[in-house]
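Just below is one structure, and these are the notes that go with it.
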Amino acid sequence: MGDAEAPATPDAPEAPTSIARVTIDSPLPQLDRLFDYAVPAALAKGLVPGVRVRVPFGGRTVSGYVVELVTPGDSEFGGRLAELERVVSLAPVLPPDLWRLARQLADRAAGSAGDVLRVAIPPRQARVENRWLAAERGVPETVDAPALTGYPDGTLERLARGERLAVSAIPRTVRLPGGAEVGHWAITLAELAAATIAAGRSAVLLVPDFRDQAQLEAAVAVLLPPASIALLDARRPDAERYAAYLRCLEPAPVVAIGNRSAVYAPVTEPGLIAIWDDGDPLYAEPLAPYVHARDAALVRQENEGSSLVLLGNTRSVEAQRLVEIGWLDSVEPPRSGRPKVVPTARQSDDEPAARAARIPSTAWRTARDALAKGPVLLQVASPGYAPWLACASCGQAAHCARCHGPLGIPRAGAAPSCRVCGALATDWHCDNCGGTRMRSGAVGSARTAEELGRAFPGVRIIIADGDHTVLQVPATPALVIATRGAEPIAVGGYRAVVLLDGERMLSRESLRVGEDCLRWWSNAAALATPGAPVLLAGASGPVADALGSWRQAAWAKAELDDRRELRFPPAVRVASVTGTPVGVAAAMTAIEDLSGVDVLGPVPTGDEQVRAIVRLDYAAGAAAAGELRAAVIAAATRRRKGPAAARGRSTPTLRVRFDDPEIL
DNA sequence: AGCACGCCGACT
DNA sequence: GTCGGCGTGCTC
């Protein structure tokens with residue numbers, strides 16, 4: 001073959017693909033599209049989609065990623081192309097599958113793909129990257145496929161076929177060979193991941209926070225070598241996180257473990273995407289375009305053909321919806337292992353010590369008896385001593401004179417102070433009745449600990465809350481007082497679990513109180529030794545019943561039915577649209593004719609802006625997102641009219657937030 | 001966002 | 001007759 005005549009054999013190492021389509025790193029919605037650049041010969045070597053580049057743009061140089069390489073004839077741009085200025089590195093940190101996912105998720109959320117990428121790709125660490133590019137890669141160790149403990153035969157095979165499952169966790173803890181105690185859920189995910197690796201594919205495992213991350217890391221480390229594990233959680237130093245991200249890009253199969261943003265871990269050919277406790281609010285991304293990790297996982301699973309597992313002690317209402325439409329299949333372990341929940345009415349108590357500690361006498365007796373055998377968990381609603389204070393004469397909540405935040409007492413003997421701004425409440429008087437004395441409105445973990453210390457003299461007391469991180473307690477007798485979500489694991493499990501403050505947790509005003517409480521209680525109950533009593537003090541009603549019967553999925557079904565009735569999420573999608581009255585009105589005009597869409601508001605937000613809530617049937621979501629996106633771009637480009645003085649201030653533009661967890 | 005282009009008032 | 005205001009539109 002004459003080389004000079006036909007240089008472009010299909011797999012020629014340097015095929016002359018000389019146009020790079022680049023996504024620009026910019027927050028501007030109108031720039032959320034691809035721009036074509038000529039690739040100068042000097043930069044063509046090794047250039048692949050996904051690499052970071054610097055390009056000239058509007059008179060300056062900006063950074064971006066090469067999304068694809070095309071031949072000159074395929075450029076749709078009519079003008080004169082500029083050239084790539086620099087290839088930052090040859091590491092393909094934005095592989096095509098990730099770009100596709102970011103684009104789809106952004107479109108779905110009326111946001112920018114670049115914003116998704118900012119969440120997905122950790123900040124570059126040049127030294128780490130250079131070391132990675134220069135590294136030699138060995139042959140990966142093979143691992144044996146483990147069995148899946150505690151679930152029906154054939155479950156692994158279903159996942160190998162790429163099925164999507166909502167799996168109920170086995171509600172107990174297990175001691176690992178290394179001595180660490182973990183929730184059985186962590187074993188389940190580790191086994192699923194190891195089976196995936198054994199089959200030569202990668203797995204992505206998501207946890208809400210660092211305490212679950214620690215358990216999962218320990219469980220996975222038992223089954224897999226370190227070279228097969230990439231730890232992507234946010235608490236890790238930037239360098240380690242970036243190294244783990246790069247590890248995912250290697251062809252050898254890997255288990256990526258991390259919090260919500262790890263759903264984007266760029267593993268090639270994921271065989272499994274799994275989420276532990278997908279109802280945890282930490283899976284909701286606070287950065288634009290606010291893509292929930294569960295939604296990202298669902299789209300990614302469909303794109304890349306992996307299996308999907310949502311594992312939890314409770315079933316989120318969103319997962320229940322997916323089960324009901326047939327998107328997920330439900331998998332249950334045997335019911336024999338469920339916790340022994342004892343609902344307990346709050347009543348007047350004959351035990352003076354119990355009365356002093358404000359716990360029902362049955363709970364007090366249970367705790368006392370269990371303490372002879374080992375640790376006892378008491379779950380409380382709030383940290384601190386007195387989490388909120390009220391006026392002693394009229395009972396109204398006491399507020400900070402400076403910022404109107406709630407007042408509380410952080411520690412025994414401390415002065416009342418604002419929980420928001422920290423200011424000491426000196427010369428306080430009630431806004432309502434003018435009273436000058438405060439009383440405690442609720443009991444926090446520190447106060448509970450103090451009272452229990454008196455009720456159980458000589459017993460070791462351990463406080464675990466946001467300020468006192470405790471991951472594990474030994475199997476020896478101790479009273480562990482933890483705020484919900486901060487419960488340590490007990491070696492061998494707790495000999496009793498007492499859920500205090502249930503009534504107060506349930507009385508919070510929120511669409512999600514029910515599912516939150518059921519999740520907090522169920523997750524605490526799952527820390528008990530099998531057969532040990534779990535007491536729910538005081539609370540009653542459907543949520544308490546669901547805990548007692550350990551039928552969380554049935555509760556989620558009933559809750560979803562209610563939401564359908566009310567047309568609340570997740571029965572429908574919602575989006576909040578905030579901006580100037582004119583901008584919001586234009587956006588509403590753009591979507592009002594779509595079927596399956598209704599608008600609440602707009603209402604003023606207090607800063608010359610208004611906010612409307614849009615409710616959408618799922619079928620209308622894509623069209624509505626497209627229209628709202630167009631409205632955002634229109635508002636962003638037309639924004640600069642009006643007097644110059646008005647432009648000087650920070651520009652109030654139109655903002656759209658889909659699936660906003662704060663609304664309704 | 002920057003920056004360039006483009007059409008109407010007070011100046012050497 | 002020009003210098004320069006900032007409204008409008010583009011950025012490969």
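Quick reminder: no glycine exception, Cβ is built from N, Cα and C everywhere.
Secondary structure at A:Cys433 (Zn(2+) 1 binding site), as computed by DSSP, is coil. Here TrEMBL flags A:Cys391, A:Cys394, A:Cys430, A:Cys433 as Zn(2+) 1 binding site.
A 10 Å cutoff on Cβ-Cβ distances gives A:Cys418 (Zn(2+) 2 binding site) a total of 20 other Cβ atoms nearby, all chains included. Per TrEMBL, the feature Zn(2+) 2 binding site maps to A:Cys400, A:Cys403, A:Cys418, A:Cys421.
Taken from TrEMBL, the feature domain 'Primosomal protein N' 3' DNA-binding' covers A:22-122.
Summarising the annotation, TrEMBL assigns region 'Disordered' to A:336-359.
A:Cys403 (Zn(2+) 2 binding site) has A:Cys430 as its nearest neighbour among the binding-site residues A:Cys391, A:Cys394, A:Cys430, A:Cys433, going by CA to CA distance. Residue density at A:Cys403 (Zn(2+) 2 binding site): 11 other Cβ atoms are found within 10 A of its Cβ, drawing on all protein chains shown.
Taken residue by residue, the domain 'Primosomal protein N' 3' DNA-binding' (A:22-122) breaks down under DSSP into 30 helix, 29 strand, 42 coil.
The 10 Å shell around the Cβ of A:Cys394 (Zn(2+) 1 binding site) contains 12 further Cβ atoms across the protein chains shown.
When Cβ neighbours within 10 Å are tallied across all protein chains shown, the highest count among the binding-site residues A:Cys391, A:Cys421, A:Cys433 belongs to A:Cys391.
When secondary structure is read from DSSP and collapsed to three states, A:Cys394 (Zn(2+) 1 binding site) falls in the coil class.
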